[in-house]
Structures are given as structure tokens and as C-alpha cells.
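Here the structure is laid out as C-alpha cells; the discussion comes afterwards.
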Amino acid sequence: MTEPRSPASGLTWARVCKECGQGHEAQDGHLYEYRSDVDDELVCHICLQPLLRPVDTPCGHTYCQQCLSSFLGEQDFCPVDRKQLQLQQCHPSSHLVRNLLDKLTVLCPFHSECQETMQRCELQPHLHNRCPAFRRLREEAERRKRPSWNELKGSRSEGESDTKSTPALSRTSNLRGTTEPGPAHPSEEGGDDGAPLRSSLVAEANIVELFRKEPDEDLGLRIVGGKDTPLGSIVIQEIVRDSVAGRDTKLAPGDHILEANDVSLTSVPHVHAIAVLRRPCASIRLTVMQEKGFKPRAEVYPHPHTPATQASHNPSTVIQVTLVKREHSEPLGIKLIRKTEELGVFILDLLPGGLAAKDGKLRNNDKVLAINGHDLRHGTPESAAQIIQASEVRVNFVVMRHLDTNEDGGDVQSRGARRAPDIQYFRRRSIFMKDPPGGFSSQEKTVNLKKEPRHSLGITIAGGRDCRSRLPVYITSVQPVGCLHRDGTIRPGDVLLSINSVDLTQLTYNEAVSVLKSQTAQSSVTLSVIRTVAEEEEEDREAASKEEMDTLEGPREDNLNWTPLWTRWLGLPSHMHWCRDIVLLKTNNESWGFSIVGGYEEHRGQQPFFIKTIVPGTPAHFDGRLKCGDEIVAVNGATTVGMNNSSLIPMLKLQRNKVILTVVSWPGSLV
């Protein structure tokens, strides 16, 4: 067997694949050293290697997805029988085939220093958690990248903020290992003793390919931003559980989407980006810029391989716990679940007499953020169980324990097993009056109808102040059989203001339905709505194709959870906003962990402040409530209206250990 190029043979950390441990270009497939011969049925007929991410053709052949995609980029037939073939006709292979491939036995690529063998699916956890050579290479790279204190003092401080969108990043030939400095953050670079605490923020460009079962299936991403908004770039706000992106697990909230199937999204309006991401296709190739966080000092977070087994507590309620098994197969005695109201993996119960119960540091309802370095913020109990089963004797947990802080600053108390949404989010009608972002506005529309009492208005609605995002009630469809369709004034996405002078703006969904039914029974109906307007979006709609616009204007017949685009909410007047308070806690040597855009801009005037980035491993990230695209309307009760960066940033920096952010949050556009 030919020996692949090994990282131990002189390749740098940046050139080493973090999944297979070999040196190869980002566009090439992973390389593995197999312990024994592989059955021909599991070999790709293009690369003649065991299949990677196998896909089946309608004519019954199986290839590596990347191999077939490259082949069909130049040809239009199956490589074996030469029948006409398009990539959209192919589908991922069965779980049985993928399981057989995952169980193939491979050698550690650092075989000169590590003689371990394992199943192919266990190689990546082995490299990141057990391989001494891989760990040494990573630590050497981190030491070389760590800047001196003089370099830190000369760099841009975190007290600055993004006043413009991040410049477009050119695509490189090798995106794996590419690093760019991230945006600045409102926090302190050094502690009171003047010691350096963090190096510059690092981001990495990666390619993620998602596969749909049906060409028009939603990816499960909620998107904010665009060149027509203060955020500038296209950012993932949220990932829907059990969706295409949710099952893939490689994307995370806060990732900036640079390209989709080689179409640049770095400087396009929001509506154009959504149209590109919604185009029907079997697979979509995303180039994303992902924040990798700050590089902490060694003493801040102990290395998972150190013998420390103490749980370390900090004000942000993130706890690190290490459980040591007596043997590889010993169970931990932990029951893991998922919750309907929150993403992630949670501890349901600790079995009496089990290792975790005896250790006593984990608790019921702890949210599992990571196990052995694997990010599980959007993971599943099944993936967590696989990581635990693949671990050796030491299992490192990072969990978040929810705490309540009394408004008077009293002691903290543990939350219950299920968080009550109304109490958790402190949702209320906003009292902070302000103008919408530049380029966004709203128009009121009123319709007066004379109708038979038995005739329906012919509209369906959604939203309500009791829904997850506390949205006002809005129209999702106007039926062809109703009175409003014949009038033609009302459209999907319009927000209901009143009917027959009865205010609808602060009602729950059921309250709105009840009022509409009672008022519609009258022979005369006066309905008032508000419609938001985005100037650049309207211009882009005129230039775009009719097919693309049809995907944006209204819901498909089978889509019961349709919401307007994110930009549609930005033009609403502030008296219709609902806000919530988010309390962040930190120690003096931490960053708050978010970047902001907005404030005064010469060409647009005063702009609201928006959250653009949330950095992994920081209080804002671990708290989990702050989202990209959230608008900051107040800090510690003081309005941000009229502020510029030179006044808001010092205010945030002065908050040494606690800050209360009052934010308005709108759901991102679903793609």
C-alpha cells in the first residue's frame, strides 16, 4: 500500500486536514490508510478508493459524491454504463452502505508516533482527543501564532466596533486552514494587571456541501443581513433542528455565507441572497467564514488531557467536568435528551450509582455544549452518545447551567427543568422610540368593505404576541374566494393594525382570531394594515427573474410555517416592537463576545445598532439568547438612540462583570 503524505513528514498545521489527518487540497477527497483490503462493492469506480459520502445513480451505480460531481461537471453520462445522468437525479446511499464504510478499519496517519487502529468514523475523534502527534502539532502551531504583548497593544482594540460591513473576502485556492482576523468586540484586551489575555480573533473560510432529499427542500437556515442592511454581509442567524443543515452539523449561527454554488453573496441585497439559496438543486456548496474564537492563555482553560478533574465555575455559568472511567466500556450513567423549545443536548437524569452521579458535578437539565472538544450546541443525543462511546477512559464535558438573576441583583437560583418562555425572555412592548434603518419604511393601508355577514374576508394569519418571536399578527395568504382578494389592496406579509377600530397589534394569535371572527360577522368592515417597504429590495425585485420572485412573495401551498423575509420586519415603526432584556455576566479578563454595526454613517445618517458576530467560547455565545441580527435598543436601561460608536463602545467597556442588553429580535429569512 502506498503511504500517503503524512503531517508528520513536515506539513504545517494549516495544511493538515482536520478530519482525516492527511495533507491534501480542500477540493480533494479525504485520504485514509486501510488496515486490510476493501470489498470492491465499496469502492468508487472513478477514484478507485473506498467511497466517501456515497451517492447512488438511477442506473444502480455508486460513487463518491465529490468524484461524481467533478465528473458530471464535464460529462453528462454515468462513468460505467454511459447512460445520460445529471447530479440532481442522484441521492445519498442507504444507511447500510454508509455504516459499512464507517466501520472500515484504518490506521492513524501519524503511524510513526501513534500505532492506533480504529473504525474510519472514529478517526477524527481520535485525532482531536487521543492522538499525541496531532495534539503536539496543534500546540506548536498555537504557540507560533500567539502574539506578544507588544503586538497586542499595537493591534486594533476590542473597544472599536464595525461601523461598516466586513470587506468582501476573495476566495483562495486552499480554503482549509485560511485564517482572517475577525471584527472587533466591545470588551477589554487586558486585565487590571496589564497582562495579555487574548490574541486577535481568528476566522476560517471553509466549504460545506449540503444534500437535499428533494431539490426544493428547505436547508433549515434562517438568514439575516445583506448589502442593503446595516449588517452588510449574509449571516446565519439560526439553524432549524432536524433540517438538512441541522443534520449536517458543520454550519453554526454566526457563520458568514460568502458563496453558494460559486455565486458570490458577499455584496448582494438580502432578497437576492435568499433567491439564490432557495434555488432548487440536489446539493448546494456553501463557502462560509466561520469564527474560531479567541486564543486563551493556557491557564484560563485547562487542556482536556491534563489530570484536572475539578469542575471550574465562572460567572457565565459554564462548567467544565472531566469523568474518568475505570475501563473503556464503563457507562457514565447519563440519560441525554433534546427539548422542543431549545436546540442542543440536555442531561435528563443521572442514574443512581453511575459514574456521573458519584462524581456529583453534572446535574439534571445541564445543557451539553461540548464533549471531548466536539461542539454539541446544535447536536443530538445520538451524536453525543457516539462521541462518548468512542472515547477512551477520560470524557471531558463542557456544560451550561442556567441561572436566574433577581432584578435587584440578589443571589442566583437554579432554573427549573423547563424554562417558561414568558419569564425567560422578559418580553414586553418596547418603550424606546427610534427610526428604522436607512432605506426601510412603512405604509398604512385601509380597506373599507360592504359585505354579506356570512361572507369571509378570505385571509389566513400567523404570529401573535404569544409566538416564539413575539411577532405582531400578520397575513400569510389572501384566498381567491374572499372579499379582500377582489379588492386587491391586501397582500401576504401585511401586518394587521385594526379591524373596525379594534386594535390588533398587541394580541395573541387566539385573541386576534376571536376578534376577526366577531368583527367579520358585520356587514361593514374597515381593516387597517401596515406594509413595510425596502427601497433597494424593490429595485432588486424589478431586476430579478419572475421565477425567483415567486419564491419570495408568498408561501407555498405545503408551507404552513411561512413568515415574511427578515428585511420586511425592519421597516416596522418602533411602537410595534417587542423587546427583551438579556443579562450577560463575565469575569474581568473576558470579552463580551459580540461585534456591533451601526451608529452614525455619513451616507445614511443615524443607524440602529445590530449584532453582527457572536464569538465562540464567550459569555454571549454560552448564554445562547443573543442572535446575529438582533438590534440593541438600550444598554443598562439607557437608550442607544442618537449614539455613535464613540459613545456606545465606552459604555459597554465600563460594564466590567455584568451588562443588561435590551434587544429587538426578528426571525431570519428561512431558506
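The chain as shown is numbered from 1 upward.
Glycine residues also receive a Cβ, built from the backbone N, Cα and C atoms like all the rest.
Keep in mind that TrEMBL annotations are predicted by a computer and have not been checked by a curator.
Features as listed in TrEMBL:
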{"type": "COMPBIAS", "residues": "153-163", "note": "compositional bias 'Basic and acidic residues'"}
{"type": "COMPBIAS", "residues": "164-177", "note": "compositional bias 'Polar residues'"}
{"type": "COMPBIAS", "residues": "542-556", "note": "compositional bias 'Basic and acidic residues'"}
{"type": "DOMAIN", "residues": "44-82", "note": "domain 'RING-type'"}
{"type": "DOMAIN", "residues": "207-292", "note": "domain 'PDZ'"}
{"type": "DOMAIN", "residues": "320-403", "note": "domain 'PDZ'"}
{"type": "DOMAIN", "residues": "446-531", "note": "domain 'PDZ'"}
{"type": "DOMAIN", "residues": "581-667", "note": "domain 'PDZ'"}
{"type": "REGION", "residues": "142-197", "note": "region 'Disordered'"}
{"type": "REGION", "residues": "536-556", "note": "region 'Disordered'"}
Helix, strand and coil totals (DSSP H, G, I; E, B; other) for the domain 'PDZ' (581-667): 15 helix, 37 strand, 35 coil
Per-region confidence, the domain 'PDZ' (207-292) (mean pLDDT, whole number): 90
For the domain 'PDZ' (320-403), residues assigned helix / strand / coil by DSSP: 15 helix, 30 strand, 39 coil
DSSP residue counts for the domain 'RING-type' (44-82), split into helix, strand and coil: 8 helix, 8 strand, 23 coil
